[in-house]
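If you check TrEMBL, you get these features:
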DOMAIN    34-431  domain 'Amino acid transporter transmembrane'
TRANSMEM  37-56  transmembrane segment
TRANSMEM  63-84  transmembrane segment
TRANSMEM  113-136  transmembrane segment
TRANSMEM  157-174  transmembrane segment
TRANSMEM  180-201  transmembrane segment
TRANSMEM  270-291  transmembrane segment
TRANSMEM  311-333  transmembrane segment
TRANSMEM  354-374  transmembrane segment
TRANSMEM  380-401  transmembrane segment
TRANSMEM  413-437  transmembrane segment
Amino acid sequence: MARVGENGVNKEIDTRTKEQKTIDEWLPITSSRTAKWWYSTMHNVTAMVGAGVLSLPYAMSQMGWGAGVTALVLSWVITFYTIWQMVEMHEMIPGKRFDRYHELGQCAFGDKLGLWIVVPQQLVVEVSTCIIYLVTGGKSLQKFQEIISPNAKPLKLTYFIIFFSSIQFLLSLLPNFNSLSSVSFVAAVLSISYSFIAWIASIKEHAVGTQVVSYSPRSTKDSDNVFMFLSALGNVAFSYAGHNVVLEIQATIPSTPENPSKKAMWKGVFIAYVIVAICYLPVAFIGYWVFGNGVEDNILLTLHKPVWIVAAANIFVVFHVIGSYQVFAMPVFDMIETFAVKTMKYKPSFSLRFLVRMVFVAFTLFVAITFPFFGGLMGFFGGFALAPTTYYLPCIIWLRLKKPKRFGLSWTINWVCIIVGILLTVLSPIGGMWSIIKSVKTYHFYQ
């Protein structure tokens, strides 16, 4: 696409070949550009207010009040800034839209290096998030079954994950982001609902006052507490995962020289981030205040009363992560299908799409039932993959493309974000891996 001036008026001219148009109209990200600004809000809320919010009280218990509050608030501020950067950079070159994260990386680092820097990290983020959401959906289904049928024979978590994934097999055949709008809307509403239920039900349990609350370290071993602290940093990083799909979401919004997509996108993102703060902070702080170091890695598993509210919250989580899985899977589908039709020269077809998406869902299902460790997975992948793509890669790209004045305000802010993000990337996977290893040792798969 290129824009030229004619009699002082900007026009948009399509320079693509007929074959390129056909491919772009088939691929998930570029096939539809009719989204409204509130689509951005729905998709971003669905992407962020997910499994991560449920683990925040547990992360607080691993860090304590001071470090926990600092980590949550600082992360919100940093990621709010970096997501603004990405929205601004979507059309920073006149006539060019960076519809995918890796396209922005290629502009900053070159065609080959940009792919190698962005694609592996983005794939790890999106694939690991889908895996964690399968585990989350399965655990919430299991908890729901235990609540409504307390005397029934317990079923293995594996069965619940498989049942949950069966829904993903069907929904994965939806062609693009805009076709997910209804699913995403329901998911966004339910995510807000169960977030409110989580902290309101926590207050009700506190009012009963039947348990002794302790805010002391979770372990008597200093080494264990250090590893848990590092894992908690990864859990916090995992909670802010929307950056990995933000350009792909913005690609669905129409754009003209007079009304660029960033206006509608930023309006949607701003509202989404206000909702994120309203959901995250009360759940994290009230959940930790009520349960202390006795809170589980999913706060809904800690709640017991009112029974019907807790049951409703768990089923809300199930329906929400159904949508969240698809929001994170769609860019992966786009990557694989783009490679298949542009590099491997396969003809765009339903059979190709069916094969790609069924294999992907099956792969994430296999990993989910093999490693169903909610907290450890988030701690590891939160630092290993989400911290780079969320906290500091946008800042590095901004420095390379915008070139702000050295030691100026913009330059300094970006470097602070980069340093914080690198520390998260290096330290939190250590804690996450420790948590996974510990879970493996205590988990009996066939019980």
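Keep in mind that glycine also has a Cβ here, set from the backbone N, Cα and C atoms.
Remark: the transmembrane segment (270-291) contacts the transmembrane segment (180-201), by the rule of 3 or more CB pairs under 8 A.
By the Cβ criterion (distance under 8 Å, sequence gap of 6 or more), the transmembrane segment (180-201) is not counted as touching the transmembrane segment (113-136), fewer than 3 such pairs being found.
Long-range contacts of the transmembrane segment (113-136) within its own chain (CB-CB distance under 8 A, at least 6 residues past either end) are made by residues 50-51, 54, 101-107, 161, 164-165, 168, 238, 241, 244-245, 298, 317, 321, 324-325, 328-329, 331-332, 335, 363-365, 367-368, 371-374, 377-378, 381, 384-386, 388-389, 393.
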